[in-house]
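As written in Swiss-Prot, here are the features:
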type	residues	note
BINDING	Asp16	Mg(2+) 1 binding site
BINDING	Glu18	substrate binding site
BINDING	Glu18, Asp187	Mg(2+) 2 binding site
DOMAIN	13-194	domain 'Exonuclease'
DOMAIN	203-351	domain 'ExoI SH3-like'
DOMAIN	355-471	domain 'ExoI C-terminal'
SITE	Arg114	site 'Interaction with single-stranded DNA'
SITE	Tyr125	site 'Interaction with single-stranded DNA'
SITE	Trp129	site 'Interaction with single-stranded DNA'
SITE	Arg143	site 'Interaction with single-stranded DNA'
SITE	Arg149	site 'Important for interaction with ssb'
SITE	His182	site 'Important for activity'
SITE	Lys215	site 'Interaction with single-stranded DNA'
SITE	Asn258	site 'Interaction with single-stranded DNA'
SITE	Asn300	site 'Interaction with single-stranded DNA'
SITE	Tyr364	site 'Interaction with single-stranded DNA'
SITE	Phe367	site 'Interaction with single-stranded DNA'
Amino acid sequence: MKNILKKNEVNFLFYDYETFGIHTSLDKPAQFSSIRTDKNFNIMEEPKCFYCFPSDDYLPDPSSILITGITPEYTEKHGFNEYKFSKKIHDVLLKPNTCIIGYNNINFDDEITRNIFYRNFLDPYEWSWKNNNSRWDLLNVVRACYALRPSGIQWPKNEFGLPVFKLSDLTQKNNISHYNAHDATSDVYATIELAKLIKRKQPKLFDFFFKYRKKNELCRLIDIEKFTPIIYVSSYFGALRQNMSCILPLSWDLHNKNILISIDLFKDIDKLIVFCKTVSISNISIKDLFDLGIVLVYLNRCPILAPIKVIRKEDTNRLNFKKYFYYKKINLVKKNYFLIDLVKNVLLKKNENKNSLNVDLQIYDSFFNFHDKNLIKKISLTKSSDLKKMKLDFKDPRLKELFFRYKARNFFNILKNDEKKEWINYCLKTLNSFFLTGYIDKIESLLKIYSYDVKKNNLLSDLLKYVFKKYKKVFYKNINLS
C-alpha cells in the first residue's frame, strides 16, 4: 500500500467529517476520516479515522444521529475530547505538499476544521497553505464537468430532470462502490473513486482546474482593466442554469482583497443601471445588488473560473450561451462606469454588521496579532496539568473566554472551584428547561415518525437516555460544588 513520494511532489489528502449537526461553528464533529494518495490516486497509507465526543454544554441534533448512525455514547467509548481529536487531525493535515480535498469541503468540512482548531488553540488557517499545502473541492469540479464537459459520466437527475450532485447518487449511477453513505471512511473512498473517474474521462478539464485552484493562478485568468469576461461555475446560479454563468470582473472588494466583485452577464444589466441611477446609495442594500446581478467570487475558496474560450461551438445551445449579447452588456457597463464605485461603496456595508457575543461564533471577527499567536502556540504545547499555572496577557478580548471554554470542555478537572461553578452554570443556562423541553419534544416527534423503523427507534431511544444522563451529570456536578 505504501508508495514513496518524490521530494516536493503533490499528494492528495481526501477527508470527510460526520457531525452532530450542520452548523459549522456551533455544532460538533463526531467522526473524521482521511486517506492519503499520490497524484494518480494510488493509496499511500492506511485510512485515519477518529471519533470525538461532545462537551457538557452541547447536545447533538437528533436528525444528525439518524443520518450518520453515530451516537454520542459511541463517541464517548471510542473517541477523544475535542482537543485531542483536533490535534490528531492537525498532525495529519500539516504533512508537506498536501492538497486537502473533499466533497463540499470548502463550504462544510474545511469550516469544521477551522472552527475546531480555533476553539482548541491551533492555527485555524495554516494547515491549508503552510508547507506548500493547498485545498480543493471535488464537488465544484463535478459541477464544472457537468456544465462544460459532461460526456463520459452518468449524471443522476431528479423528478424535474435537473442534475443531482449528491455523492451517493453519483456513485450509484456510475457503479462506484459506496457501501455505507454517511460513514466518513466510506465517503472518502467514494470521493477518491469519483475523482479517478473524472480524471480518466475528462483529463484536460481535471488538470486545468487543479492547476487553477490557488489565488495566484486564478488571478492570471482575471483582467479587470480590459473588461474581459470569464466563465464561473457555482451552485449560486442554480441547476436550471447548469450552475454556470459568464461574468464580468469589475473590481476587488475594498475591505477584502480575496473578493472579486463581478456582474452576472446573464442578468438584465439595464435594470441594474436604472436602479442605481434612481435610488439613493443610502437606500441600496447588498441584497438589491445581488438580485440585480452583482456576484462576489471568493478567490480563497477555490472557485471554478475559466476563460470564455472554454465554451465550444457545440456547447452554446446546450448552455444557452449568448456571447454576442454578453459583449453588448459589457459595452453598457463601460458606458456606465459609475456603477463600479457605487457597488464597491454599497458592499462596504456588509462589514458593518454587529459581531456575535458568543465567542464560538467570532472566528472571522479578525486575525490574531503576532503577540497572541505566540501565546496560542504556547498553550497548544502545554500539558493539560500545567494550563492552570499559565499567566497569559491576551491582547484580543476573545482569547480569555476561549481559553476558559477550552479548559472547561477538555480538562474540567484542572479548573479551580470558582471556574467549575462558572462552567456548570453556563452549561445549565445553555441546556435550560425551555431548550430541553423542545429538544425532547423533537426526539419524541421523530420516534412517532419512525415508529416502523427499529434501527432509528433504537438510535433515538439511546439519544433520549443520553440526554437524561448528561443533564443528571451536569446537575450533580452543580450540587457537589454548591
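Just so it is clear, glycine is given a Cβ too, placed from its N, Cα and C backbone atoms.
Annotated features, which come from Swiss-Prot, shown on the structure.
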| residue | record | contacts (Cβ under 8 Å, 6+ apart) |
| --- | --- | --- |
| Asp16 | Mg(2+) 1 binding site | Phe32, Ser33, Ser34, Gly102, Tyr103, Asn105, Asp109, Ala184, Thr185, Asp187, Val188, Thr191 |
| Glu18 | substrate binding site | Pro29, Ala30, Gln31, Thr68, Ile70, His182, Asp183, Ala184 |
| Tyr125 | site 'Interaction with single-stranded DNA' | Arg114 |
| Trp129 | site 'Interaction with single-stranded DNA' | none |
| Arg143 | site 'Interaction with single-stranded DNA' | Phe165, Val233, Ser234, Ser235, Asn243, Met244, Ile304 |
| Lys215 | site 'Interaction with single-stranded DNA' | Asn258, Leu299, Asn300 |
| Phe367 | site 'Interaction with single-stranded DNA' | none |
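In this structure, the C-alpha atom of Arg149 (site 'Important for interaction with ssb') lies 36 angstrom from that of Tyr364 (site 'Interaction with single-stranded DNA'). In the structure as shown, the Cβ atom of Asp187 (Mg(2+) 2 binding site) sits within 10 Å of 25 other Cβ atoms.
DSSP assigns Asp16 (Mg(2+) 1 binding site) to a strand segment in the three-state reduction. Long-range Cβ neighbours of Tyr364 (site 'Interaction with single-stranded DNA') (same chain, at least 6 residues apart, Cβ-Cβ under 8 Å): none. Assigned with DSSP, the residues of the domain 'ExoI C-terminal' (355-471) fall into helix, strand and coil as follows: 85 helix, 0 strand, 32 coil. Figure note: comparing Cβ neighbours within 10 Å for the recorded sites Asn258, Asn300, the maximum is reached by Asn300.
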